[in-house]
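Remarks on the structure that follows.
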Amino acid sequence: MGNSFKRPRYNEEQAGDMLHSRSNQVLTEQPQAQPPARARNRSRCAIGFMAVVSIIIALVVALAVVASKHHSCPLDLPTAACPDDWIGYQGKCYLFSKADGTWNESQSNCSSLNASLAVIDTQKDLDFLQQYKGSPAHWIGLRRDTSQPWRWADGTEFNNRL
C-alpha cells in the first residue's frame, strides 16, 4: 500500500511514564504572579475609593455645620406684627410703596404712616432691602443739603461704612 500512517507503539509502562510526566508538568506549574499593570489598577481603584469616601465625609460635615448656623437662633421680632403689606425684618417693618414722587413727597408719605424712609444701619439691612426692592427704584432716607454731609432721615450722619 502506498502511504500508510504508522503509529508509534508504546508499551503500558512507557505510556504510564508519559502520562505521569505530563501530569507532573501540569501539577508542578505554578501560577504566575499578577502582571504589574493589574496590581497598579487595583491600587488606583483603592485610592479612588478612599478619595470618594473622604469627599463624602467632608460634605456631610460641611452640611451639618451650615445647617446648624441657619437654625441656631430665631429672629426676635417685635410683639406687634407689621401692618398688612409691610415686611418685618430685624425688628423693623418695611413698606415698598408703589407711589411715585420726589424724596420730600416720599418722606411726607412715610410720615403720614408714622414711619420714615429707610435708614440702613448694617450690611444685613442693605442686603435685605436689595433682595425685596424689586425692579423699580425706591427712595431711601439718605439726603444731603448743599455743602452739608449726607444725613439719614433720622438725622444721623452717613458714615460710608456700607
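Including glycine, each Cβ sits where the backbone N, Cα and C put it.
These come from TrEMBL:
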REGION    1-39  region 'Disordered'
COMPBIAS  21-32  compositional bias 'Polar residues'
TRANSMEM  46-67  transmembrane segment
DOMAIN    89-160  domain 'C-type lectin'
- Per-residue pLDDT averaged over the domain 'C-type lectin' (89-160), given as an integer: 86
- Message: Within the domain 'C-type lectin' (89-160), count helix residues (DSSP H, G, I), strand residues (E, B) and coil residues, in that order.
- Response: 20 helix, 9 strand, 43 coil
